[in-house]
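Down below is the structure, laid out as structure tokens.
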Amino acid sequence: MPSVKYQRGEMVMGRWPGSSLYYEVKVLRYDASSQLYTVIYKDGTELELKEQDIKNAAGFQTRSRSRSRSRSPGRRRSRSRSPARTTRRSSSRTAAAVATAAITESAPTSRRDAKLKDTPEVRLSPLVSATAAFTVSSESKVEAESEKNQGRYNLRRRKDDGDAKALEIKPEKLEEKDAKLAAASAASLSSPLDFGGKMDFFFLLQCKQGQCWLADVSLFNLEDPSLANFPPLLPPFEAFWDAQALGFVILWVLFQVLLYILPVGKLSEGMPLRSGERLKYRTNGFFAIAVSAVAVVAAVHQGVDLTYIHSHFLQLATASLLISVLLSIYLYVRSRYAAPEQLALGGNSGNVVYDFFKGHELNPRIKDFDLKFFCEMRPGLIGWCLINFAMALAEMKEQSLNAPSYSMILVNLFQLLYVLDGLWNEEAILTTMDLMHDGFGFMLAFGDLVWVPFTYTLQAYYLVSHPNLLSLPALAAIVTLKLVGFYIFRKSNSEKNAFRRNPSDPKLSHLKTIPTATGKSLLVSGWWGVVRHPNYLGDLMMALAWSLPCGFSHLLPWHYMIYFIILLVHRDSRDMSECRRKYGSAWDEYCRTVRYRIIPRVY
């Protein structure tokens, strides 16, 4: 058996398909059966090359210079877009124009048609958004594939067969108008369906969560909250509906709308959309919670009884559910009239139920008022803190205490810190999956307006009627767990946000990355080099710290912890399959580099 001439990891010079130009590449592997070397260029493009298309780097530069002297200036020009001639691509529109110009430049003349007839056909395909939380850079790529000559060159595909509708650009010069049409055509595509497709796993999970939520609230009203003492299937109708509760919820939402539209705070730019546009957002969430706190304290001072929130908890939750349903209907109806480039790839399946649930329009706005961003960060998140504070007052009233218990104080402070951190770093949410890729539909509306304020407060609700005494050692251990989890959560999210916004920032030059064929890079430094999804690890530790003050007498205060673990298992499985499909061998290298996982392998 002949020996392998070039070894894995060796830096050599590889010929770019369709040209006589060589560029520095890294050998990834050698396939003995096909006798092809898999190499990676500096821009992350992977190719399979024959041995005769690879040369040793030593002495290559001298030979190249001597050969180039005999060429005329007109013949030095590349006839194929090379990986070394990359440009900064901030949008799909500019990427389409650059790539099309490259294709035009590489069109063979009539004298060379015979010589270049086997050159791989070049197609421009829109890049479907990634699910990996730590990937950045361009939103489009050039894919080359050849069916006639696969044994010679093979640019590995990063899309599955479901992307066969990818836009093909003919080798003609595009005007700016043509680039916009290309972006609109790309917007009509949809990404692979999440959560198992149209028979939506997540939809069923949310339904189950709704049942658990109703059972939780009715069970808390029992004197004996044991698992053996089940509540009735449904409370009476009066326990669900109260017109006054609906009025209070509407007033709270309108109050948060007023604080959002005030010309206070920073105008932040979002990430580039497929059209290249960057939306602006008013990031004044910390101002909003500060004013809300002052208003609540003033209301209590004037004699307003906030324990109404505890006694009408289910009615308030039902009112919020009604508002989220009406909002979701409005969002779907308006999305039917939205331009194609304004639709979300993930919620553009053509199935009404799935798109209603997942969200059809990416960034629904009423003038400059962004509905998704507002609901993500304001009424539900700040309302979470308001409900917790009301539960502390209710505990003092019901247990005849002069001050809340240590357990109630810990739950309030821990969750208040979480919300304050989110609002202080509000700009970071603009690089999250919710804002960048997910449409705004029932999933997010229900989660923002109902799930967050009325399930994340279950620990505080439980402690009102079931106080739990904590010893000083237990108190210290829980506080330590919370602080460590918060540090990991904040540090990892800050690294991810900074890297996504500007990977070429000199402050991030020390970070290690793995290039991919999509033009994006995988971050393997800092906390992202220690464990996969370190932000989830910090979140999990904090969720544990929220639940421990309630003790182990009942399962219900651990509701969020259980839900979070189930969600982690699902997300980890989905992210692994999606990233392996998209990044190929680069993802395998990432998995070899970052071996530790938050949860064990379940697939």
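Any Cβ shown, glycine's included, is placed from N, Cα and C.
Predicted automatically and left uncurated, TrEMBL annotations should be read as such.
If you check TrEMBL, you get these features:
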COMPBIAS  64-91  compositional bias 'Basic residues'
COMPBIAS  92-108  compositional bias 'Low complexity'
COMPBIAS  110-120  compositional bias 'Basic and acidic residues'
COMPBIAS  140-150  compositional bias 'Basic and acidic residues'
DOMAIN    4-62  domain 'Tudor'
REGION    58-120  region 'Disordered'
REGION    139-164  region 'Disordered'
TRANSMEM  239-262  transmembrane segment
TRANSMEM  283-301  transmembrane segment
TRANSMEM  313-333  transmembrane segment
TRANSMEM  444-464  transmembrane segment
TRANSMEM  470-489  transmembrane segment
TRANSMEM  510-531  transmembrane segment
TRANSMEM  543-569  transmembrane segment
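Residue counts of the domain 'Tudor' (4-62) by helix, strand and coil are 6 helix, 28 strand, 25 coil (DSSP-based). Proximity of the transmembrane segment (543-569) to the transmembrane segment (470-489) is established through 3 or more Cβ-Cβ distances under 8 Å for residue pairs spaced 6 or more apart. Each of 239-262, 313-333, 444-464, 470-489 was scored by its Cβ pairs under 8 Å to the transmembrane segment (283-301), and the highest score goes to 239-262. Contact counts against the transmembrane segment (444-464), taken as Cβ pairs under 8 Å, peak for 313-333 among the stretches 239-262, 313-333, 470-489, 510-531.
For the domain 'Tudor' (4-62), the model's pLDDT averages out at 80.
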